[in-house]
Structure formats: structure tokens, C-alpha cells
């Protein structure tokens, strides 16, 4: 009847108003656009929670709807030839520039974000990003579609991107695409940045791979699953796109759908005392600059039961938490680009990795965007186009152009 419809409309309006007026930090440009983006994502998250609570659908299945809505088929244009194919039985989208090249081209192997659970290389935002990368750098871009959680858990995602990278780095494959073996990069954003960092580390240990990466580019990456209460997790618990609870959910789903791991992670009690030596690699009190630490005080970890790590050893594996690599391993890494955003739960992971790499002598360019939130670079195409997204993307391309 009319009354219940009005009540529904009223409730919907209250919820919308609550979202729109959820605080947006003062230093964001285009605050209305940011509110719109934030509201859209929160609405999907709430829908996912309700659907899961009612037993209708898994939480991630609802978030994957965003991926599906954004999906575009491979389409070549006047600048770039685009094709979907497979490397080593893993789906990839290839971008090959059409303009003539003086010699061999550069190449970027790119891994999309989405918390290892959502996302697709065919999303409009990723297609736009990888296509423009190919065009602007006159580079071959290999964008990788790895299998996702919760259907597949660690190390499947890592193994998929690793096998594509290893396949592509074979001299016969590089020459097939006219790629210079001395000018190959791995890159990725968010969970893709985590995978790129892990791939770069693993390649150093692999005697079968003769081609060395020239650079790695990590865009707001998660790099450790040990301490999920860093200053950035505390300060940005409810900032746009990636809340602390969603990031903890992504981390735990990467390893298992068993709720006990997620519950331990949300209270930051998932690491057992026998793994306490690993905290030296993520001790933010030693690794963060003063202006990021502010008035936060480092509290020693509260240890959890050993059962979790026995069942799900992945969360202490450097292939999932690249910050756990020793200094000796980090010393061999290539030139590195790291982007962090101030209003992002993952900010401090990037800061700590930059610091550790610099300490062992790796040249690092660390760009820190004080006016940006997680995934800001994705918003470079209609409908939610952000000036900050364009700025970060152009800076990343500029750096690649100078260094690759």
C-alpha cells in the first residue's frame, strides 16, 4: 500500500543522507564526486552484508556485480591492438601498440586489484588504464586475470600471475612480441601490487628465469598480513572505498573462508608467539617517518593460537606478505616505484616497504598522495572521473617512461 511505500522511501532517503554526509576529509578535491563514489561502494557493501546475512548470496558475489557491470570486451582502436588470449592456461588481455617502433619495445605485465576476491582485467577502468599505458609508452602490456577467492585461495592467485610472468619472460615469447628483454616491468594496484611485489621477489629465486625485471611499480599495495592495526588502519578505518573491515575480510578470504581466521585478524591476534621474530620486518615504530607516526604509540603484538597458522600458513608466507622477505632477498630487487595515499588503510605498508628497500640500497621512488584515498587512480574514466586519478596516473606513466 501507499503507506508502506512511503515508509520505504523515507528509510531509503535517511540511509542515503547518512552516507552522503559521512565525513569526507577536508583536503579532498571534488568532494561531491568522492561522496558519490564512496556512497556507491558502501551501498554495495551493505547489500552484500544483507544478502549474506539472509543466506541469499556470498558477500563477494555481490561485490563481483560491480565487476560485471563494468566489464568491456577487448576492442582494438587506432592506437592499440587488443586481444584476449591465454599464457600458460591463464587468461590475459594483450595490448600491442600499432605505431611503428624504432627498435624493440618495452613491456609491462600488469595485475589488477580487488582484494584477491573481485576485479577483472576487462573492467572499464582497468581496460582504460592498461590501454593508455600501452599507447603512451609504446609498450606491450600483458594484463592478467588470475583466479579469485573465495573459490580459490592462496597460493593460486600468486601462482597464476607468476606462471604468466615466467611464460612471458622466455626469450622466444619476448621476441615474438618484439619486446626488449632488458625493459620489462611488473606492476599492479592494490592486491595486484601485492602480487607484483611477490612475483618480483620470487623471480630472483628462480634459476629457470634468465631475464631480469628492469623495474617494479606498486600502486597502494597491501604488503603484510601480520599487523592489521598500523596507524593507517586506525586512522582510515572508515575512509572511502576500502574500510578496515573490508581489507581484513579480503586478507582472510585470500587464505580461507573459515571465519575463525577473520575473527582473529580483526582483533589482530592471529600471529602465534613462535612467529614473533617476524614482527621486526613490520615494526612500524622503526619503519615509519615521524609525520606518519604522529602521536601513535607502538604496542607489542598480542599473540594468538598456533592452530591458525598450522591450518593456514599462507598469511606468514612472503609470497603473500612481501614485507617478510629478509634484507638479503630485498637487496637483489629492481628499481622500484611505490605509490601510497594518505587516506588509505594500506598507506603504511607502502611506507615500510619503501624504507626497507632504501635501507638495503634499492633505488626507490615513493610518491605519497596526501589528498587521495585507496584506488584513486581507478577513477579516470566516466562516470566518476576524478582529477586526482588523472594526476596519479600521469605521474605513474611519467615515471615508467623515464625508467623503463
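Cβ from N, Cα, C; glycine included.
Here is what TrEMBL records for this protein:
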type     : residues : note
SIGNAL   : 1-17     : signal peptide
DOMAIN   : 108-267  : domain 'Alpha/beta hydrolase fold-3'
ACT_SITE : 190      : active site
DOMAIN   : 315-377  : domain 'Alpha/beta hydrolase fold-3'
ACT_SITE : 344      : active site
ACT_SITE : 374      : active site
Next on the checklist: I need the CA-to-CA distance for residue 374 (active site) versus residue 344 (active site), whole Å please.
Outcome noted: 5
Checklist outcome for this item: Whole-Å Cα distance, residue 344 (active site) to residue 190 (active site), is 11
Checklist outcome for this item: The number of other Cβ atoms within 10 Å of the Cβ of residue 344 (active site), counted over all protein chains shown, is 29
Next on the checklist: Using a Cβ cut-off under 8 Å and a sequence separation of 6 or more, which residues in the same chain sit near residue 190 (active site)?
Outcome noted: 113, 114, 115, 219, 220, 221, 222, 242, 346, 374, 375
Next on the checklist: Using DSSP, what is the helix/strand/coil residue split across the domain 'Alpha/beta hydrolase fold-3' (315-377)?
Outcome noted: 24 helix, 19 strand, 20 coil
Checklist outcome for this item: The number of other Cβ atoms within 10 Å of the Cβ of residue 374 (active site), counted over all protein chains shown, is 27
